[in-house]
Every structure is written in structure tokens, then in C-alpha cells.
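Trainee: Here's the feature list from Swiss-Prot:
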{"type": "BINDING", "residues": "R149, V150, D169, A228, A229, R230, D254, H278, I279, A280, A281", "note": "NAD(+) binding site"}
{"type": "ACT_SITE", "residues": "R230", "note": "active site"}
{"type": "ACT_SITE", "residues": "E259", "note": "active site"}
{"type": "ACT_SITE", "residues": "H278", "note": "active site, proton donor"}
{"type": "DOMAIN", "residues": "453-527", "note": "domain 'ACT'"}
Amino acid sequence: MKVLVAEPISEEAIDYMRKNGLEVEVKTGMSREELIREVPKYEAIVVRSQTKVDAEVIQAAKNLKIIGRAGVGVDNIDINAATQRGIVVVNAPGGNTISTAEHAIALMLAAARKIPQADRSVKEGKWERKKFMGIELRGKTAGVIGLGRVGFEVAKRCKALEMNVLAYDPFVSKERAEQIGVKLVDFDTLLASSDVITVHVPRTKETIGLIGKGQFEKMKDGVIVVNAARGGIVDEAALYEAIKAGKVAAAALDVYEKEPPSPDNPLLKLDNVVTTPHIAASTREAQLNVGMIIAEDIVNMAKGLPVRNAVNLPSIEPSDFEFMMPFLTLAEKMGKIASVRLGGAIRKVKVTCSGKLATKNTEFVTRALLKGLFEPILSNEINLVSAKPVAVERGITIEESKVESVEHYESLLEVWVESNGKEMYLAGTCFGNEYRILKIDVYNVNFVPKGHYIISLHEDKPGVIGRVGTLFGRNNINIAGMIVGRSGDKPGGIQLMLLLVDDPPTPEVLEEMTKLDGIIDATYVEL
């Protein structure tokens, strides 16, 4: 196998591939035109975050079998285009976890003790001991937003500094947090109770602007804010105003809304803002780890062995691939619906495969369901390979069973998801390549889960659906389809309504819908 290393990775990773018989060529710093010209020669390519492997590059890569991203985020790779070409995309989750966690702690200490400012002062020939009075972290309360891999390691290190640690993560169990003596609280409690707030969530549609003007107003006076996750999660304009108003005593940032930040960014002009140029993962150890993780997967691919960190394709017997793929899609869609509807820490997942489906290797059906459950909160950090280990990490109980025969259908997939005392049931099947959800809880629905859906419970009485239609019409939202399921044959109970809309509703419209007479709840999910 011929491998193109398009961005710097560790020499150890390059040597490992060569020792395993791969022909490796290192060509860093290529222009886009050079990459398109060179890539047809290779069966594997390794990139980091700068090289864009988009549809045009993939189209040019006639012989490409695998794309390795030496890092976690895959925003620079067109996953759909790669999948359509049968190209496996692998990344390196966890390879830079410790480095990122340590950097967050370093930023926290630097802000608390004003280390960069004091360093600059001494180098200017000054001796301003009183000016740089700091605070101890011992005994203070750290608020960790996001208790995934990095957040978990940050919380452990805060405990080692003898801090009290609160965490907000609606998708992590209380038992998981208690393993390291961390108390799970709601978002507002964390904001109001923390002396230091550190952010460790991925950048998704839901987390952009997670900490804005309203959230700063709920914080303690004199709070320290640290962001070593992704730019845009902390609203920079709101942060600037909070610092100027004295609400925030100091901030420490490794990531920015625009990178590199503009020299005119007002945060860069504040003396109590510590900044670094997105280097949380830039350690020798992290680069060795991510390089080796990618190198091992490329070697496995060359030897015909399973890869460990595939982002896009599971390992399924070629003869079963066409039959299984729609069920993987169905399971993932079910997971997304359950995640959005339940909206809390998942405790238990049960999967039952019946009929012809039960005769296949259904391991990836469960993994696809878990991927769907986690995707709304973990974004590109989750894939079919990592989904099950992440579930185990989070203390989720997984039960899998098979039933040989089933009535009415060739195959049936049933899932039960439990969260904070609530349970959701979904059942579905596939007809060729078409996947359909047949039942949600006690409601018969039968629909194709694809597009923008609003799922709502409402009282079964005249006028409710009409009021929803009026609201949507007033807000120029077109309803493309509607399914209403009753819990029984008689009117007067509770109905489940599925609305397929052409465009996603704004949060304001969704909130207004929940206030309509007869509406019990409403959630939006993109399927």
C-alpha cells in the first residue's frame, strides 16, 4: 500500500508503517492543486486539520482506500463523499485527551495566578509583586461543563488540587461522576456555584453560544472562565462585556470564534485574558499517540484486518452488507429520536432483533443505535467503533437479544431506552433499502425517519392540530407531512403527532407550540 502523509505526524508513526511493508511518502505543505494532482497515486492519505479532503479531492483519488485523520475532528473531510466511494475514514479519538486536559488546568492556574502578566512584567524590568496578587484553587469550586473524555480528566485533576468539583452533562450518569467524587448538577446551579468554569463539550448546533450574556449574568462575581474546547461555545462579545463589567475576573482561551483571531479582537487587548494559539493537543506525546493510532489502522487495512476507529463504515460480511445497511440507518435514527425525546442521562438500552435480522451479526445494529443516542451531544467524537466503549464508560447497561420468528414482517428491530426513570420504546423494519419506524411507545406511526421532524404529545380533542397549523402558517413553516397515532381505538386520550416540515423551526416557535392549549410537549429532531 502506498501512503501519502500530507501533514506532519510523528516519525515513529511513519517508521511503523514502513516496517510493516507500506510505501510511505511525506509531502507536507502542498497546495490544493498539488494535492489533487498527487493523490491519485496513493491508496492511503494521512492529514491533520489543515488539509481539506473534500469531494473534489476524493473524486481525484482514484485508488484511495483509507483516509487517516491524525486527531479527532473530521470537519475537513467529506465523509459522505468518502463513503459513497467506499473509502474508510479513520480518526484518533482519545489520543490527545491527557494533553488537552493538562492544558486546561495550565490555563486555569495561569489565570488564577496571573502568570503570563507577571512574566511579561519581569521581562520589562519591573518588580510588581503586589500587582499580581492571585488566588488559591484549593477549596474553590470548579464547574466542568461536559464530562466526556477530556472533561473527566480535567475533573480528576481539579480534585487533585483539592477543589470541589461540580459537573453538568445531562448524558452522563450520576454513578459515572461519583467514581471520581464529582457532583452532577443542572446547568444553572453550576453557573451560580462555581468559582472557575471550564468548558469541555464539542462544537455542535446546540452548543454554539452555550455561554452567552444570560449565562454570564447567572455566574458568581469574580468567576474565572476557561475554554480549551472549541471556539464559539463561549460567546466572545458577551465574555468581553462580562470582563469589562467585573463579573468575570479572568478568562483563559485556547480556542476562538475565528482562528487565528483578528488583531482587533477586543479580548486580546485585556490584560486579564490569557491566550494560547489552539495548542491544547500540541504535545510530543499527543502527536505520537494520534500518529500511531492512525498508522496502526492503515496497517490493519493493508493487511485486510478490521480497523479500530472507522468513522463511516462498519465491518460487515460482504454478502450481508446490502441487507444490513438499512437496519444500521434505522437503528441510528431510532437512537436520535430517543436521545432528543428523553433528553437526559441514558441508563439502559435494550435491543431485540427478530426474524431474518436475528440470523445476522447484529453487533453493529446496537452500535448504530448507540451512535444515534450519542450523536446529538458528542457530534463527530462518536462513531460505530467508539459507540459501545463510550456507553460502557458512561455506565449504560446494554441488553441484546434475538428472536427467530416474527409475525407480519420478515425482520423486526425493537429498542427500549431508559433515562432517569423514563422509558421509550421504538419498533421498525426495512423493506429493501427503505427503513420505517412502525411504533413509538404505544403509538402506531409507520413513517420513514428522514428530514425535519417535530414530535409532539397532545390531548385528543378538536382544535389542537388546527392551532398548530395556524402557528406554523403564521411563521412561514410548511408542513410536508403529518402522522397522528392514538394509544387506543377510542378518542379522548393522548395522541402522538409527527410533523414533517420543510425547514427546522426556531426555538421560539417550538416554545410557542408547547404553550398551545392541548399540547403536552414538542421536540425537534433532524433525521
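Going from the start of the chain as shown, residues are counted 1 onward.
Keep in mind that glycine also has a Cβ here, set from the backbone N, Cα and C atoms.
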Trainee: Do any of R230, E259, H278 (active-site residues) have a CA within 10 A of R149 (NAD(+) binding site), and if so which?
Mentor: none
Trainee: Run through the Cβ atoms and count how many others sit within 10 Å of the one on R149 (NAD(+) binding site).
Mentor: 21
Trainee: Using Cβ atoms only, which residues of the same chain lie under 8 Å from A229 (NAD(+) binding site) while being at least 6 residues apart in sequence?
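Mentor: In sequence order, the residues whose Cβ lies under 8 Å from that of A229 (NAD(+) binding site) (at least 6 apart) are G146, V150, V199, H200, V201, P202, R203, V255.
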Trainee: Find the longest CA to CA distance in the recorded NAD(+)-binding set R149, V150, D169, A228, A229, R230, D254, H278, I279, A280, A281; express it in Å as a whole number.
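Mentor: Result: 25 Å between the two most distant Cα atoms.
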Trainee: Please give the average pLDDT for the domain 'ACT' (453-527) in this predicted model.
Mentor: 93
Trainee: Given R230 (active site) and D254 (NAD(+) binding site), what distance in Å do their CA atoms have, once rounded to a whole number?
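Mentor: Cα of R230 (active site) to Cα of D254 (NAD(+) binding site) measures 8 Å after rounding.
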Trainee: If we count other C-beta atoms within 10 Å, could you say which of the active-site residues R230, H278 has the fewest?
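Mentor: If we count Cβ atoms within 10 Å for the active-site residues R230, H278, the smallest count is at H278.
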Trainee: Would you kindly give the Cα-Cα distance separating H278 (active site, proton donor) and D169 (NAD(+) binding site), rounded to the nearest Å?
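Mentor: It is 24 Å, counting Cα to Cα.
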Trainee: Give me the long-range Cβ neighbours of E259 (active site): same chain, 6+ apart, Cβ under 8 Å, in sequence order.
Mentor: G231, H278
